[in-house]
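As recorded in TrEMBL, the features of this protein are as follows:
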type	residues	note
COMPBIAS	90-99	compositional bias 'Basic and acidic residues'
DOMAIN	23-94	domain 'Srp40 C-terminal'
REGION	1-24	region 'Disordered'
REGION	69-99	region 'Disordered'
Amino acid sequence: MTVEASPAADAPKAGGRRMPQERFQRIKVDKVPTHLIRDNRYENKAAPENDYGAKAHADLIVTRGAGFRKEKNKKKRGSYKGGNITMESHSYKFPDTDD
């Protein structure tokens, strides 16, 4: 009976390009300018103070844990009671390059 050597558990797979213990990252961190994404909080957006999102944020920012889901769903079910609904996009647009 011959025993063949099995590949090491930490060896990369045949088609794998990642090293073991390396987490998956879709965006390469070293290629993103950090000043653009340093602070992604709602308060730092350039949006009107009286919009619907600001009111929802004020209610949800203080809610932690299991109660967050309940409050979030209440906001989704609730009727609209005023304030502007902005259609602006505040996301960072990554350049479309494969460098």
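The backbone N, Cα and C atoms fix where each Cβ goes, and this holds for glycine too.
Model, not experiment: these values are computed from the prediction.
Mean model confidence of the domain 'Srp40 C-terminal' (23-94) amounts to 76 (pLDDT, 0 to 100 scale).
Remark: secondary structure over the domain 'Srp40 C-terminal' (23-94) totals 30 helix, 2 strand, 40 coil, with classes taken from DSSP.
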